[in-house]
Amino acid sequence: MDKGIIYEGKNMALFEEEMDSNPMVSSLLNKLANYTNLTQGVIEHEADEDSKRREIKAPRMGTFIGVYLPCLQNILGVILFLRLTWIVGTAGVLESFIIVFMCCACTMLTAISMSAIATNGVVPAGGSYYMISRSLGPEFGGAVGLCFYLGTTFAGAMYILGTIEILLTYISPSAAIFKSEDGEEAEAMLNNMRVYGTCIIALMAIVVFVGVKYVNKLALVFLACVILSIIAIYAGVIKTAFDPPDFRICLLGNRTLSRRNFDTCAKFTKIDNKTETTRLWRLFCDSALLNATCDEYFSLNNVTEIQGIPGVSSGVLIDNLWSTYSDKGSVVEKRELPSLTGTEETKVAGLPYVFTDIMTFFTMLVGIYFPSVTGIMAGSNRSGDLKDAQKSIPTGTILAISTTSFIYLSCIVLFGACIEGVILRDKFGEAVNGNLVIGTLAWPSPWVIVIGSFFSTCGAGLQSLTGAPRLLQAISRDGIVPFLHVFGHGKANGEPTWALLLTACICEIGILIASLDSVAPILSMFFLMCYMFVNLACAVQTLLRTPNWRPRFKFYHWTLSFLGMSLCLALMFICSWYYALIAMVIAGCIYKYIEYRGAEKEWGDGIRGLSLNAARYALLRVEAGHPHTKNWRPQVLVLLNLDSEQLVKHPRLLSFTSQLKAGKGLTIVGSVLQGIYLDKCVEVQKAEENVKSLMAIEKTKGFCQIVVSPSLRDGVSHLIQSAGLGGMKHNTVLMAWPQSWKLTDNPFSWRNFVDTVRETTAAQQALLVAKNIDLFPANQERFSEGNIDVWWIVHDGGMLMLLPFLIRQHKVWRKCKMRIFTVAQMDDNSIQMKKDLQMFLYHLRLNAEVEVVEMFENDISAFTYEKTLVMEQRSQMLKQMQLSKNEREREAQLIHDRNTASHSAAVVQANAAAAAPERVQMTWTKEKLVSEKHKNKETNLTGFKDIFNLKPEWGNLNQTNVRRMHTAVKLNGVVLNKSQDAQLVLLNMPGPPKSKKGDENYMEFLEVLTDGLNRVLLVRGGGREVITIYS
């Protein structure tokens, strides 16, 4: 249908041609209104590779149900019930307060940063991974996403270990498979953990596999258990103020006794007025008799009973303020009580004391405690199900952290104020008949806490096993980590089967470690690293002031994000410096793997913005003027010629560029297309693609710049003037010698070449012209021997010295030796010149052989006159005759053939001159000129115009041209003699004549100068020193 008919009668006819690429605002808004759970503007997600978009019911969840309660459930968990009392007892109220405050401050600052990121656009499923990858790029996103995945997986292992600990220690100790023998109680417990843990993981994985919806439905039940348990704790604290519960502790001297194997806390008991020994006596003595041999400490000290929970008004808080760290296997003691130790050290192993199972210190407790404040991402992970995610996520998350921080901090003070220190330090409640320590405080019964904590840890484990595979699936489907691709697949309904299997296997590693206290620091590392990068993402975006950074949440600042990031890093090393290093190495390896093997993704990330900002800052810092000689390096503009298919004519020019770039620096690869830009857009894109692909093949690191200009001459001029930016401009131009310069219709004619030479000189830029560039080596070739010969005729800044040094850094030229030749005139002392040059090279720290070539003045040879004559004839002819294109080509070919013939004749003449010097003074007579003219006429084509009628007489020959040709011929002979077999010859390039009249003669001089050499690099300095003897 015609577009005009579609928009007929509408007000948008003016824009009808743009409707295909730019949709109308109304249709765009309609798409946004029907938004499901995919990001806008990201093609990968809009496509949704596996299935078409399904209509999703409008989300119903508000802040309370959708964010606050899930965060509460995830944050409050196993550590609160099983370890917080022990942390308070060990570290004391003050240090515990510091630990909890640090961890809560860390999560609060992270929540502020997360709220800013989460409200800066829509965050789909994937939560923290999505936020970090889209803010910091795929490398950081993948590394941190996988760290977060590992953290969530190990969290699942920790919750399962907590579940088993509650089951075997407090609910049903008789269910243990491995029974403890003398002193092997801890080892038996770990083995029980491993067996039961493996079974529970298998069971939970099956539950998750069969139906995730059941897990989600049970989440509310588990949450209710947590809330009821916390209410029971607060109720118990209030009750202790007026009616403390009766939990008595038995102490021997100041040592705490385990009540598992005896009931009466006394040495003797009276039965029918008869003194009998108790079970406690029999545990310390070798018989039940009163005269039995007993443990020395038992004999010297009395058995006393004290109240385990004296209550909030008892003043026990003062005793619990300070830390009581201890070594592994030491007895839990109440230090305020008197104790007699006896003369010799008594063995405590096997006696019914309460022992510490691990060595305790401040940093270790931080690592064990930190997992209890994780879980702050629960709200952002559900962003797709929220009514207003951008309002609910910040409010709900920050409220949940505030609530849980209050609960933790108040619990620390209340535990310290209500419970006796020795019970607090009794990790498994052995002094209170194997009860859960926090349960002894609860009201109405310890079982409220035991059952509540059992279900809450069970639920948290299930949630981890549900969430972690989905996170892995999200990373896999993004395609940034190739080897994880298989984990992106799942069941027909999208459930991540393979990811669940991997998660269960990693979880099993945590179970085999078996100790809750050993697993907690591992997941602390991974969570801290994730939180650190969330803070970094927020700080980077804020500092860069990216135009797209417009969060709805306004209460953030980069200093808060930076403080949060620093705190996370500090906590990582406080918890465990070696775990921190391992976590960083893992993240670093993933980062580098994604960088080298991962898919190319452009997500508009902050790191790219940071690079741009850093580049801008660096460019502004680089001085616009010339750098110091010590900092000089070739910043090369490579001028390429393209054919009609926009392919590079001389690829070896790029090979040579990459070989030269041992000096690093800037490389700009430029080319000119003739025409008008509007007509050449497609050709420009094609040319750019071709050049960039060739640069990649040749490993030339740099930038590509294609210019369209009505004339090639102007285009090259524009490139020389404007390529580069600020201080990062080129200082050297590299180009190929125009091989067919004698053909006047050649696109890159000699006029363009000579003008380019002039412009580089005017711009104070060095010029490198590679002759016979197609003979130069590829990057894969290696010269096993050979020389790089430098012919140093005039000093123009030291480029000739520096270039061989740079070239020899590359593998192609590494085994070549450097030789430097210089030319001595009649008046020069060649021996002294050689010594001076050797000393100069010594100061320049360059290794090279030195040779001084003597080139004495002698009469100008016949060959020189002939070359000059032919050159001037041709010049005169082109100026005065208007030849057709075909005639021009034929004429040029004729002169080329004659030059070739005359060159072979000149070699014979030169040999004759060496044998008989008197014949050198050969004079061109009028008769000889006439005979030459007739000889050439015979070789002419039939019907061809008699071009030699215009030939000037000998007397009219330009003496300057004769002298210049003489120099070129002589130098060429000397260079050929010494350097014909060299792998590369570097020569000073003479400047073009000041008058433009002799430009074509200049090309002839250069042709003669380099005749017969394989690889030549003509070098023209930029008018400033590029090499120095000073450090």
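Note that Cβ sites are derived from N, Cα and C of the backbone, with glycine treated the same way.
Feature annotation from TrEMBL assigns domain 'Amino acid permease/ SLC12A' to 67-240, 358-637. Feature annotation from TrEMBL assigns domain 'SLC12A transporter C-terminal' to 651-767, 768-1031. Residues or ranges marked as transmembrane segment in TrEMBL: 61-84, 96-119, 140-173, 193-212, 219-238, 358-378, 398-424, 444-462, 498-516, 522-544, 556-580.
Within the same chain, the transmembrane segment (358-378) packs against the transmembrane segment (522-544): three or more Cβ pairs sit under 8 Å, each pair at least 6 residues apart. The DSSP breakdown of the domain 'SLC12A transporter C-terminal' (651-767) into helical (H, G, I), extended (E, B) and coil residues amounts to 57 helix, 24 strand, 36 coil. Long-range neighbours of the transmembrane segment (522-544) within the same chain, counting only residues 6 or more positions beyond its ends whose Cβ lies under 8 Å from a Cβ of the stretch, are 106-107, 109-110, 112-114, 116-117, 120, 128, 131-132, 135-136, 140, 144, 147-148, 150-151, 154-155, 158, 367, 370-371, 374, 510, 513, 556-558, 561-562, 564-565, 568-569, 571-572, 575-576, 579-580, 582-584, 587, 606-607, 609-610, 613. Residues of the same chain lying 6 or more positions beyond the ends of the transmembrane segment (444-462) and with a Cβ under 8 Å from any Cβ of it are 73-74, 76-78, 81-82, 155-156, 159-160, 162-163, 166-167, 170-171, 200, 204, 207-208, 215, 218-219, 221-223, 225-226, 228-229, 232-233, 235, 435-436, 438. Within the chain, the transmembrane segment (498-516) has long-range Cβ neighbours (under 8 A, six or more residues past its boundaries) at 78, 82-83, 150, 153-154, 156-158, 160-162, 165, 190-191, 193-194, 197-198, 201-202, 205, 208-209, 465, 468-470, 472-473, 476, 486-487, 489-490, 522. On the 0 to 100 pLDDT scale, the model's mean across the domain 'Amino acid permease/ SLC12A' (358-637) is 85.
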